[in-house]
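S.K.: Below, the features straight out of Swiss-Prot:
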type	residues	note
DOMAIN	179-303	domain 'Fatty acid hydroxylase'
MOTIF	192-196	motif 'Histidine box-1'
MOTIF	205-209	motif 'Histidine box-2'
MOTIF	280-284	motif 'Histidine box-3'
TRANSMEM	87-107	transmembrane segment
TRANSMEM	134-154	transmembrane segment
TRANSMEM	171-191	transmembrane segment
TRANSMEM	235-255	transmembrane segment
Amino acid sequence: MDIVLEVCDTFLFDPLYATLLPAQASSFTANATANATLSSIRQEPTAYALPHASWQYEPATKYFSIEPSKYAYMSSWPRDDWRRQALTLYLITWLFGVCVYYLFAGLSYLLVFDKATFNHPRYLKHQIKLEMKQANIAFPIMAIFTVPWFLAEVRGYSKLYDTTEKGPGRWYDYLQIPFFIAFTDLCIYWIHRGLHHPMVYKHIHKPHHKWIMPTPFASHAFHPIDGYAQGLPYYIFPFLFPLSKIASVAFFVFVNIWTVLIHDGEYAHNSPIINGAACHTMHHLYFNYNYGQFTTLWDRLGGSYRKPNDELFKRELKMCQDEWNKQAKAVDMMVEQVEGENDRSYQGEPESKKVQ
């Protein structure tokens, strides 16, 4: 995350902090400026205009560097102050998450999502607005819990490495990808399954299961603790195992995009291995199946795998009324079993039922 922090500092936060918290010139600088000749100031103006910096610039990666502008030295809050880093990382985590969410969920909605889903008997009234509202509530709160992990990374407490020479070797540069997927898939399976425990579900995980027929905007529409809990394996991994800095940033983006993809309702492949949109739709419809994030491995081993209905892969069948009615009947039974009272308000139903 130090790479992202460096880029954001250079182009956004250095000027912002320099404006809001300008540095006070030291007495040494003030005296030097007073004794300087006009010609010397003209020759080297920055020597007298900029306060003394308490930090030294070191590129976050050897693959590229961004020379700091003058603003990097003009704030009383230097780049290496942990409080500034924490605040900046909070804003990055929050705002970057929002941008990725709206960009990719929006693209998926426009280009991929089948709008016929709006006619499903278990599609909620004003569902997309409700999904966006829940996501907007979750992002800033999740960022609070996430910042300590990113701050620890930036301050050198993790096993993140920059170049191959700094890591275990070239072999690990390739192995870290399936290793990361396998580790996080295992952990998320058990975390997700734990969120379905009756003592936890109604308080934490139920908001995400409000969406029986999710749209791409349901991807991040969950309780903040729910989202943070399922993100923990990603944050923990670089403190347990080596991970390249570039891979860390790439995984951060990929995971957010993947979360959108498994909620887009486009059943592109009927894979027995990949836990794609079809498998995750089964989870939203039938609750207690397909807890995995990337693969079906742990669901198969844990006895919670449910093969997606064949009808999902045939458009003329997946959108037919008979299939929808069958799904609605099964959903109602599961809702009664898992939640008891159903407080959802479905499209086409009278206003007597309100989604809370």
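Backbone N, Cα and C define each Cβ position, glycine as well.
Burial and contacts for the listed features, if you can.
M.R.: Taken through DSSP, the motif 'Histidine box-1' (192-196) splits into 4 helix, 0 strand, 1 coil.
Proximity of distant same-chain residues to the motif 'Histidine box-2' (205-209), defined by a Cβ-Cβ separation under 8 Å and at least 6 residues beyond the stretch ends, is recorded for 134, 195-196, 218, 221-223, 226, 284, 287, 339.
Within the chain, the motif 'Histidine box-3' (280-284) has long-range Cβ neighbours (under 8 A, six or more residues past its boundaries) at 209, 211-214, 262-263, 265, 267, 290-291, 306-309, 312.
Residues 1-2, 5, 82, 85-86, 89-90, 93-94, 97-98, 101, 160, 207, 210, 217, 219-224, 227-228, 231, 235-236, 238-239, 248 of the same chain lie 6+ residues outside the transmembrane segment (134-154) yet bring a C-beta within less than 8 angstroms of a C-beta in it.
Long-range contacts of the transmembrane segment (235-255) within the same chain: residues 1-4, 60-61, 63, 100, 146, 149-150, 152-153, 157-162, 167-168, 172-173, 176-177, 179-180, 183-184, 187, each at least 6 residues beyond the stretch ends and with a Cβ under 8 Å from a Cβ of the stretch.
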S.K.: Determine how many residues of the motif 'Histidine box-2' (205-209) DSSP places in helix, in strand and in coil.
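M.R.: Result for the motif 'Histidine box-2' (205-209), in helix, strand, coil order: 5 helix, 0 strand, 0 coil.
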S.K.: At a C-beta cut-off of under 8 Å, are there same-chain residues at least 6 beyond the transmembrane segment (171-191) that contact it? List them, or none.
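M.R.: Non-local partners: 164, 229-230, 232-234, 236-237, 241-244, 247, 251, 255, 291-295, 297-299, 302.
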